[in-house]
Amino acid sequence: MRPFLIAPSILSADFARLGEDVDAVLNAGADVVHFDVMDNHYVPNLTIGPMVCQALRNYGVTADIDVHLMVKPVDRIIPDFAAAGASIITFHPEASEHVDRTLQLIKESGCKAGLVFNPATPLHYLDHVMDKLDVILLMSVNPGFGGQSFIPSTFDKLRQVRKLIDDSGYDIRLQVDGGVKVDNIAEIAAAGADMFVAGSAIFNKPDYKAVIDEMRAELASVEA
Ligand SMILES: O=C(CO)[C@H](O)[C@H](O)COP(=O)(O)O
């Protein structure tokens, strides 16, 4: 498996001083910025759009920005996020009328592409599109809010998707999002994840580096 990536979710960052907070978490050792986009339609919450992504780039953020679209419809906003500096764009298949077309649109916009599965979304959406995926994101909470508890059935789903990825031979990251903490990250990695989104576990602590170091120490026990 490839090196583990830690992607703090800025849903739990301080929006009043977002650039500084993103810089701080990257300086603390985070690999990727996870950027949660909610539309108060597909999910019952409202967050940030392409202008904020562009603002982070203008502020000097050079790390990959991983845009998780919790919006419906999906396609119209994709070129805007690509132009605003998104590196990866993921979306929920049930929010797109034409999943293959949406994946192509993301690729043609110059970004990496991925599908997101809610806890109860079936995996059959992966049929016929594995060759177009850079990321598969399994939600381990129902989307819309940070600070929820990890849903244990995600472990089985992770193992299933890890096998699908390995059997496919494609180079696809397996990301998990929701309730990821120091005390469960090793078990999540052992089930097959290699990219970890964590919001409240990092941003709600005063010392981001201490949390990220603890997560890496836990992950090291899985890599060994
Ligand atoms: O996509 C999300 C919610 O829809 C968040 O990224 C996720 O819940 C992370 O928050 P936390 O680590 O606090 O659970």
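Along the chain as shown, the residues are counted starting at 1.
Every residue gets a Cβ built from N, Cα and C, even glycine.
Copied over from TrEMBL:
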type     : residues                                                                            : note
ACT_SITE : Asp36                                                                               : active site, proton acceptor
ACT_SITE : Asp177                                                                              : active site, proton donor
BINDING  : Ser9, His68, Gly144, Phe145, Gly146, Gly147, Asp177, Gly178, Gly179, Gly199, Ser200 : substrate binding site
BINDING  : His34, Asp36, His68, Asp177                                                         : divalent metal cation binding site
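Comparing Cβ neighbour counts within 10 Å across the active-site residues Asp36, Asp177, the minimum falls on Asp36. As a whole number, the greatest separation of Cα atoms within the substrate-binding residue list Ser9, His68, Gly144, Phe145, Gly146, Gly147, Asp177, Gly178, Gly179, Gly199, Ser200 is 17 Å. Sequence-ordered, the extra residues of this chain that approach the divalent metal cation site, with Cβ no more than 8 Å from the Cβ center of His34, Asp36, His68, Asp177, are Ala7, Ser9, Leu11, Phe35, Asp66, Thr90, Leu137, Val197, Gly199. In this structure, Ser200 (substrate binding site) is part of a helix by DSSP. Most buried of the binding-site residues Gly144, Gly146, judged by other Cβ atoms within 10 Å, is Gly146. The binding-site residues examined here are Ser9, Ser200; by Cβ neighbour count within 10 Å, the least packed of them is Ser200. Cβ contacts within 10 Å of His34 (divalent metal cation binding site), excluding its own Cβ and spanning all protein chains shown: 26. Each of the binding-site residues His68, Gly179 was scored by the other Cβ atoms within 10 Å of its Cβ; the lowest score goes to Gly179.
Ser9 (substrate binding site) sits 10 Å from His68 (divalent metal cation binding site), counting Cα to Cα. The two recorded residues, Ser200 (substrate binding site) and Asp36 (active site, proton acceptor), show a Cα separation of 13 Å.
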